[in-house]
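Trainee: My questions all concern the structure below.
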Amino acid sequence: MVMGLGLFLLVFMLGLGLTPPTLAQDNSRYRDFLTKHYDATPQGRNDRYCESMMRRRGLTSPCKDINTFIHGNSRHIKAICGDENGNPYGENLRISKSPFQVTTCNLRGGSSRPPCRYRATAGFRNIVVACENDLPVHLDQSIFRP
């Protein structure tokens, strides 16, 4: 009996290691994406905005070289991962069909140690994301399309 139970537990534990990521893990990666790249209603979109947002989002220890914040509706961002607002782009990426209002924060100076100083560039861009289970999990780039 003990031998059978031990074998069952061994097989069960091995099975856990081979299962695909759970929905909770996928949602965690999506939440990380939102934390790094989403700000629905920005208060200003200047250098001070970048310095404040980068600090509040935990992207300044060390100073991140570049980060883009996407503004607007999160449903439209999620829709890039489907046909509603996205098209295939390269290998395993999707590009938005419509442009988004974005603010890109570029690190000024060469040091990656705080205090971090950023230069803001605001505009409308199509965005390229990697998706997992129909959720954006990585912002690859933003593209200006005239």
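Placed from the backbone N, Cα and C atoms, the Cβ positions cover glycine too.
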Trainee: Using Swiss-Prot as the reference, determine which range in 35-39, 55-59, 60-64 is annotated motif 'Nucleolar localization signal'.
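Mentor: Checking Swiss-Prot against the ranges 35-39, 55-59, 60-64, the motif 'Nucleolar localization signal' one is 55-59.
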Trainee: Among CYS105, CYS116, which residue does Swiss-Prot name as a further tRNA binder in the site formed by ARG45, ILE127?
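Mentor: Candidate listed by Swiss-Prot for the same site: CYS105.
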Trainee: According to Swiss-Prot, which candidate among CYS50, CYS81 shares a disulfide with CYS131?
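Mentor: The record-listed partner cysteine is CYS81.
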Trainee: Which chain neighbours of the tRNA site, leaving out ARG45, CYS105, ILE127, have a Cβ atom within 8 Å of the mean position of the site's Cβ atoms?
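Mentor: Apart from ARG45, CYS105, ILE127, the close residues are ASN67, THR68, PHE69, ILE70, HIS71, VAL102, THR103, THR104, ALA120, THR121, ALA122, SER142.
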Trainee: Considering only the recorded positions HIS37, CYS50, CYS81, HIS138, which residue has the minimal Cα-Cα separation from CYS63 (disulfide bond)?
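Mentor: The smallest Cα gap between CYS63 (disulfide bond) and any of the recorded positions is with CYS50.
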Trainee: Say you check the Cα of CYS105 (tRNA binding site) against those of the recorded positions CYS50, CYS81, CYS116, CYS131, HIS138; which is nearest?
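Mentor: If we rank CYS50, CYS81, CYS116, CYS131, HIS138 by Cα distance to CYS105 (tRNA binding site), first place goes to CYS50.
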